[in-house]
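Here the structure is laid out as structure tokens; the discussion comes afterwards.
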Amino acid sequence: MEEAEGVAAAPGPASGLAFRGRRAMSGSWERDQQVEAAQRTLVEVLGPYEPLLSRVQAALVWERPARSALWCLGLNAAFWFFALTSLRFVFLLAFSLMIIVCIDQWKNKIWPEINVPRPDALDNESWGFVHPRLLSVPELCHHVAEVWVSGTIFIRNLLLFKKQNPGKFCLLSCGVLTFLAMLGRYIPGLLLSYLMLVIIMMWPLAVYHRLWDRAYVRLKPVLQRLDFSVRGYMMSKQRERQLRRRALHSERATDSHSDSEEELAAFCPQLDDSTVARELAITDSEHSDAEVSCTENGTFNLSRGQTPLTEGSEDLDGHSDPEESFARDLPDFPSINVDPAGLDDEDDTSIGMPSLMYRSPPGAGDTQVLPASRNEAALPELLLSSLPGGSNLTSNLASLVSQGMIQLALSEASQTDPSGPPPRRATRGFLRAPSSDLDTDAEGDDFELLDQSELNQLDPASSRSH
């Protein structure tokens, strides 16, 4: 049981917050109850004096300026009478109490006896003072009750603080009293009292006419221009810092830029403007097109229209004709006639057209060399005939060579008989026979010796030559 009570006595954070919330709610509820109780008491006390309170409020808010001015003069006269009179304070206090007693006797004893009683119908009804902008007795009592309760709570907390922290309370009270003593030393107490009276008289007027709101509306543009706020002050400080940083960076940049310019000027030679203008000037009386002169500064002076030739540059004036330039470099191309020695089916480089080298027998080799040489001699004219005028030789070189080879092969095929493929295969077998006989003797049985008539039947072209 004791452990459970200990756990309950030590609540967690959530329970502590809930406890504080309940305590605050209970404190506000107690305060409201106190305000209501004080309001009821004040209404009972000030209820009979509602007309007088309404007149005092009207005078304080200057609803009727004439009466308000009279009230203000009377209060000032009374204040300065009590302040400057040579009478003693005890006499003044006794005289004030005597006046208060007389007024009370007149109000409660003498006036009710001489006053005419009201009808019963009027006594049964409750009447109240109504003004659109002035406070009624209940409203005034409510505000006075709130001030009274707030003051009592402050005094209660101050006494509690005195009991719990006597040292701090002593320091706080000494500081406040010292401030009041210094203030009373430099400003007289009479003047402070008069200032308090003026503030009490002018406060209802300021609240009634909303002078604070009007003053704020008028002073707001001025405050925005002057920028007296803390935010504006901090922003101005930040702007000043940024401007200082920019100025420092600009100075550093100018210093570095000047240093770099001085270094570059030390390395670069200084040229005279007249010399440069004379070198750049181009006239007919200067050097010829083939001359290249060197000036004193080490620069080349080239005449008009002249460009020095480098090692890899081309002389365009020497070879202006594209056909001539192509014909000059044509012998450098490799021959298109392939040597048939040692070829078999795997390394055949033909493009499917019959060839004279494969088709001619051993005896007819001399007769077939002449057409091949003719075709080889006619290759440049064939390529030049197919060359388009003014075209780019580099881009069309591959297409021109391939077209020339195909046309040459077709021209050779037109001179032969269409029955060329079978003798080609036989000739290949005949050419491979000597090399295969060197390997083994058994492979010799695969070949058959033919007569001259059979050879003539297989190759009519060779029979014609014989």
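Quick reminder: no glycine exception, Cβ is built from N, Cα and C everywhere.
Worth saying up front: this structure is predicted, and the values here are computed from it rather than measured.
Feature annotations, courtesy of Swiss-Prot:
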MOD_RES   SER26  phosphoserine
MOD_RES   THR254  phosphothreonine
MOD_RES   SER258  phosphoserine
MOD_RES   SER285  phosphoserine
MOD_RES   SER288  phosphoserine
MOD_RES   SER293  phosphoserine
MOD_RES   SER303  phosphoserine
MOD_RES   THR307  phosphothreonine
MOD_RES   THR310  phosphothreonine
MOD_RES   SER313  phosphoserine
MOD_RES   SER320  phosphoserine
MOD_RES   SER360  phosphoserine
MOTIF     445-450  motif 'LIR motif'
TOPO_DOM  1-80  topological domain 'Cytoplasmic'
TOPO_DOM  188-192  topological domain 'Cytoplasmic'
TOPO_DOM  402-466  topological domain 'Cytoplasmic'
TRANSMEM  81-101  transmembrane segment
TRANSMEM  169-187  transmembrane segment
TRANSMEM  193-211  transmembrane segment
TRANSMEM  382-401  transmembrane segment
Which sequence-distant residues neighbour the topological domain 'Cytoplasmic' (188-192)? Criterion: at least 6 residues beyond either end, Cβ under 8 Å.
83
Kindly report the helix/strand/coil residue split of the topological domain 'Cytoplasmic' (188-192) according to DSSP, in that order.
4 helix, 0 strand, 1 coil
Which value does the mean pLDDT take for the topological domain 'Cytoplasmic' (188-192) in this predicted structure?
87
